[in-house]
Amino acid sequence: MPSLKSQSRDQSWWGKRTKEAAPKVIQILGDKLPCTLVAQKIDLPEYQGEPDEISTQKCQEAARQVQGPVLVEDTCLCFNALGGLPGPYIKWFLEKLKPEGLHQLLAGFEDKSAYALCTFALSTGDPSQPVRLFRGRTSGRIVVPRGCRDFGWDPCFQPDGYEQTYAEMPKAEKNTISHRFRALLELQKYFGSLTPPGDSDDGQGSGEG
C-alpha cells in the first residue's frame, strides 16, 4: 500500500472539531508519522449507528471534503448496564446531563462498569481504498464526579486499578493509560509498518523531523 506521503504531497488532514488536539497526536506519533498533519475544522453530519460505522462514515465524508487523506478521531463512553449507551452519542448526553447526570443514569443499576473507546479512522483519500480503524479502550466505572471540570466526562470516569478519576489524574499519568493513547499506539504501529518515505522512488525523502 502506498505511504500517505506519496498520496498526499507530504500533508494529511486532521479531522476533529478542535485544532488543539493535533499537536498531542503529533507528539505521541513522533517520527512514525509519515506526513504532516494539518489541523482542519471540518463540519461533518451527526451519523447514527455503531461506533465503527460512524467513524468510517465520518472519515469518508471528511476525505471527500478535503479531497485528500484524513485522520478522524471519534470517542465513545459506554455503560455496560445500558448495553453500550451513551456510546457515540456521549457528546449530546454530556451537554444535557453534565457529569452528575451521567452518574445518575446508573442510579438504578448495580453495574457501574463502563469503558472509554477512542477510534482513529484513516483514509488515504482514495475512495476505492478501505478506511482503516485504530481503536483504544480503557475499562473503568462511573462514579460521583470528582476533580477538575475542564474536560468533558473525565470527572465521572474512574479507570480500573486506580483510585482517581481521569479528571483527578496528572495529565502525564492519564496520557499513559487513556483510550486515546492506546488508539494512537495502534496507529503508530501501522505507520511504522509503512515504507519509509526515503525508500520510495519519487525522490523527496524529506519526511523525517
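Using the three backbone atoms N, Cα and C, a Cβ is placed for every residue, glycine included.
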Worksheet item: For the ITP site that TrEMBL assigns to D74, T75, F151, G152, W153, D154, K174, H179, R180, which of K58, K189 is also named?
Response: K58
Worksheet, complete the sentence: Counting across all protein chains, other CB atoms within 10 angstroms of the CB of D154 (ITP binding site) number 22
Discussion item. Spatial neighbours of D74 (Mg(2+) binding site) among the binding-site residues K58, G152, D154, H179, defined as Cα within 10 A: which are they?
Written reply: K58
Response to the item:
Between the C-alpha atoms of K58 (ITP binding site) and E46 (Mg(2+) binding site), the distance in angstrom, to the nearest integer, is 8
